[in-house]
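Asks: Feature table excerpt (TrEMBL):
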type     : residues                                                   : note
ACT_SITE : CYS100                                                     : active site, proton donor
BINDING  : PRO15, MET16, ALA17, GLN69, LYS142, HIS172, GLY227, ARG228 : FMN binding site
COMPBIAS : 360-372                                                    : compositional bias 'Acidic residues'
DOMAIN   : 13-319                                                     : domain 'DUS-like FMN-binding'
REGION   : 333-372                                                    : region 'Disordered'
Amino acid sequence: MFGDHAVNPPVVLAPMAGITNVAFRRLCREQGGGVYVCEMITTRALVERIPKTLKMIAFAEDEGFRSLQLYGVDPDVTAAAVRMVGEDNLADHIDLNFGCPVPKVTRRGGGSALPWRRRLFGRIVSQAVAAAKPFGIPLTIKMRKGIDDDHLTYVEAGLAAQEAGVTAVALHARTAEQRYSGQADWDAIATLKQALDVPVLGNGDIWEGSDALRMVEHTGCDGVVVGRGCLGRPWLFADLEAAFTQGADYRPVLPTLGEVSKIIARHAQLLVEALEDERHGCADFRKHVAWYLKGFPVGGELRRSLAMISSLAELDDLLAKLDPAVPFPVEALGQPRGRVNAPGKVSLPHGWLDSRDDETVPEGAETDDSGG
Ligand SMILES: Cc1cc2nc3c(=O)[nH]c(=O)nc-3n(C[C@H](O)[C@H](O)[C@H](O)COP(=O)(O)O)c2cc1C
């Protein structure tokens, strides 16, 4: 799937901007096997060696397979970024992001808008593959189905990427128009799997280990990419490993509120260590609180206070108010978490849809904004 690197179980933590940093990856990695992708890095910021960007490329010493996602719109800048990853030995695997649906990005022709410009897409991917080759770095891509149902690109883009030499292709089976709404179209993953010889990774709506098994059965995909399902639930990776080794009869991990509190405290502590600043680490942790407490009977005031912490001591005091014996709310299993926003018309540059073979590099499409 990723060159010579065997992935067992065939599970990938999806890159999620603002989430999959070194702290969160550690919590997830401790639960089970797989590949755990770093937050997305913008190619231009990387080649310009912006300090904040360089800091984001942080891997723990025990991260055996360092996986990095890059986002770029310019073939030369992307190739330069890939070369830099190789020369500076920053990662062992590079994924290219073509899935971002954020209007600020698509409006300028980046992210999920880009594969529509097939020649430009082909150049970005082939120059990146060529740049990665001397370093033996496997290169993969992650994309959506297309811009909308009338402008699907995934099969053509998958074939082009395969031709360019990628080692695997991941499909988030939604269009950009869908954003995170509705259900992922697993039939599209099956279609892509049939069309390609390289491994296909399926992505979209895996909330439980059993969903991963269903996706593999339904689509024949070679592995699964898991995003929102693990928000506030790093132990999902234990369930995924159990599902792949034991089959559908695996027993899901159901932590009590006390056990979840310990993970919350550890997550915040790891963020503080990663960001080397207690206030900053605590502020970064706040977005995770609602996910960890989803379904648990915890009052609004305590939830709000937890989501406003600015020190680890404050967090400990608040966690002490939770009843550790409360069992896991099983009704929260299988439920969507994280972003589930409504569909929206995709903003595109003027004339974007009329000229598929235009290779002009979009301007201003590499912002710090991110998403997939
Ligand atoms: C908060 C958040 C940030 C994301 N950031 C990225 C990103 O930087 N790169 C990317 O390829 N996808 C990104 N995604 C998309 C996920 O990788 C994944 O494709 C999507 O959530 C669908 O998978 P899921 O149904 O398992 O969540 C992001 C998603 C979320 C919720």
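Note that Cβ sites are derived from N, Cα and C of the backbone, with glycine treated the same way.
Those TrEMBL annotations? Automatic predictions, nothing curated.
I'd like these features described in context: how deep, what's nearby, how far apart.
Replies: Cβ neighbours within 10 Å of CYS100 (active site, proton donor), excluding its own Cβ and spanning all shown chains: 25.
In the structure as shown, the Cβ atom of ALA17 (FMN binding site) sits within 10 Å of 20 other Cβ atoms.
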Asks: Whose Cβ, among the binding-site residues LYS142, HIS172, ARG228, has more other Cβ atoms within 10 Å than any of the rest?
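Replies: Of LYS142, HIS172, ARG228, the one with the most crowded Cβ is HIS172.
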Asks: Which residue counts does DSSP give the region 'Disordered' (333-372) for helix, strand and coil?
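Replies: Tallied per class, the region 'Disordered' (333-372) gives 3 helix, 0 strand, 37 coil.
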Asks: For LYS142 (FMN binding site), which of the three DSSP-derived states applies: helix, strand, or coil?
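Replies: SS state of LYS142 (FMN binding site) = strand.
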Asks: Residues of the same chain, at least six outside the region 'Disordered' (333-372), with any C-beta under 8 angstroms of its C-beta?
Replies: 14-18, 39-40, 42-45, 71-75, 77, 97, 99-114, 116-120, 123, 142, 144, 147-148, 151, 172, 176-182, 205, 207-208, 211, 227-229, 231-233, 252, 291, 294-295
